[in-house]
Structure formats: structure tokens, C-alpha cells
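Colleague: Here's a structure for you.
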Amino acid sequence: MSRSPWLYIPTLYFASGVPYIIINTVSVIFYKKLGVDNTQIAVWTSLLYLPWVIKMFWGPIVDTYSTKRTWILYTQLAMFCCLGLIAFCLQLPNFFFISLGALTVGAFISATYDIATDGFYLLALSPEQQAFFVGIRSLFYRLAVIFGSGLLVVLAGQLEGYLDNIPLSWTIAIGFSAVVLAILCIFHRFSLPLPDADKPRQLQSTDSIPFWTIISSYFAQEKILVILAFILLYRFGEAMLVKFASLFLLDKPEAGGLGLSTSDVGLVYGTFGVISLIAGGILGGLVIAKYGLRRCLFPMALALNLPDLFYVYMAYNQPSLNLVYLLVSLEQFGYGFGFTAFSVYLIRTYALTKNIIDVC
């Protein structure tokens, strides 16, 4: 008997978002609270995003060896172990580089999980179901972001005040996230279906396309340098801001920050900010559907980048907490609104590139 996608698609993508947000966002916050220098935090945690950028290079390994279902279960189990190790490491005197190593391994595991999950999504669902559940998977991924950067951070902040022990507070918070992933792994062991199409891909020499043929064809596209520059620079300002936003919110006023508590950051950036981000993304999709990408691209680029100036204002004026809530929410709303245009542009660029590769 076939299983309803409602049984496993929401939890699959919730399990995708939790490690991503812990590795790329929550790590910045707990390193700051544990006394790591801002420069070291920015440099080292920025590199943790790399596995998601280059995951295409080991995608064929996931396709070739074992099934997507097996990859999902084992990467979830491995991610549970990584988060458990990180939680334990925070109790050690030399926690930084040990936990950073665990975060790095976790980043590769999480990126591999994403490859397997996206592949399983295509194999387990019909085209009609895929179209319907694309919004559902996005919603539960965003809920995972709220769970990680909101609930976990608020939990750690409350424990900091109750226990008066910052390392132990974060050990409990990260350990809790590990337990959540363990529960999801057990749940998926019994809930994921066994699609007939979920089999290792058999590599054949006749299927192979010379690598350099694909590369040369890609760079032979008209205006390819303009396309690449646009992709790299469209959200450059936001990419620079995202690693420093939490540090700025947490730093004491005498150090140039706002001096917010851990719980306040969890609410401001990880809860209200993410909700605003989702709302901006929904509105952006509606606007593009009505007016088209060409007319919306420049205004939406401004909507994404101009609100970054709110942080300049906050740095100079040290506003009240209520105004911080408002400005961060508006900045995240603009990011969600403007990022929609970027996503649509990438989809259309991918479709064009795929057609070129197919011709090869």
C-alpha cells in the first residue's frame, strides 16, 4: 500500500533545515556567547557554507551507491552523532577547533542528506504531487529555521539565566536538537516508502558526457559572464551581513553592538525575522506571478539590499528593543521579497543550462 506524502515530506524537510541553521547561524551565536573572537567566528563559520555550494560534485556518488532512502537514514544517524559530539565538545576547554571540526563534518553530511532527500522527492512522488508539495516542503524547512534560530536560541538564553552556566546551557540546547534528529531518523525508518525507482544508478560508458564538453558549452552561452556576475553579486550585501548580524545584536554597546540577550536574539532574528522572511517570500512570488520577472527584478533587488542600511542606523542610534524588532523584521521581509526574484532567475537559468547540456 502506498503511503501518503503527508506522512514523510514535512518531516524530511524539517530534518533538512535543522542542521543547516545550526551549522550556519546558531554556531555564530553560541561561539559568541562562549567568548570566541568576532574575527575568528566570521572567518571560520563562513567556510561552513561551502559544502552546500559544492555538493553537486559528489551528487553522482549518492546516485550510484545504494538507494536514496538508505542515504537519508544513514546521514540522519550521522548528523545525530555530529550534533551530540558538538554538544559534548562545548564542555571542553579547547572546544573551538574540536567543535568546528564536528561542524565541518556535519556540513558535508547535511549537504549529502539534501542531495538524497531531493532525489527521493522526485522518485517517491508523482509529478502532480511534486507540484503540490513544493510549498509544503518549503514551509517545513522554514519551520526548522524558526526551531533552530528561534526556539533553540531562546531555550539556551533561558537556561543561561537559570543555570548561570553558558557552556552547559548550549550543551543542553544542541543536545536537544540531536535528540529531535534521532527521533526523526527512527520515524523515517518506518514511514518512508520503498519506491520501485529508488535504485542505484548503473553507470554506462554510453551515458557519459565528456566533462570539458559540458564546461565549454556552459561558458559558450551568450552573456554568461554577466549571468555569473549577477548570481554572485545579487545578494552579496546580505551574504556579508548575515554572519555579522547576530554578533552585532549580541555585542555590548561599548563594543559597537546593541547588547541584546541570547533570548532576545532568538526572538528578534530567529523568530520574528524568519516569519517576516516567509511573508516577504510569499508576497514576492505573488508579485512576480502578476507582473513578471523582468519588471520586478530591479525593484526587488533594491528591496533585498537597501534594508541592510537599517543596521547602520541601529549602530549609530542604539534604538529601543521594540524598534530593533521592527527594523530587523523589515530587513528580513525585504530579503524574503527580493530573494524570490533571485530564485526565479536561477530556475530559469538552470532550465537554459540544462537544455544546452542535453544538446551535448
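Cβ coordinates are placed from backbone N, Cα and C, and glycine is handled just like the others.
The domain 'Major facilitator superfamily (MFS) profile' annotation in TrEMBL covers 5-360. The feature transmembrane segment is assigned by TrEMBL to 7-29, 41-59, 71-90, 96-116, 139-156, 168-190, 267-289, 296-316, 322-347.
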Colleague: Restricting to the same chain and to residues at least six past its boundaries, which positions have a Cβ under 8 Å from a Cβ of the transmembrane segment (296-316)?
Modeller: 234-235, 237-238, 241, 245, 248, 256, 258, 284, 287-288, 324, 327-328, 330-331, 333-335, 337-342, 345
Colleague: Could you check if the transmembrane segment (96-116) is in contact with the transmembrane segment (139-156), meaning 3+ Cβ pairs under 8 Å among residue pairs at least 6 apart in sequence?
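Modeller: Output no: the transmembrane segment (96-116) is apart from the transmembrane segment (139-156).
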Colleague: Taking contact to mean three or more C-beta pairs under 8 angstroms, with sequence separation of 6 or more, is the transmembrane segment (139-156) in contact with the transmembrane segment (322-347)?
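Modeller: Per Cβ check, the transmembrane segment (139-156) does not touch the transmembrane segment (322-347).
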Colleague: Within the domain 'Major facilitator superfamily (MFS) profile' (5-360), what mean pLDDT does the predicted structure show?
Modeller: 86
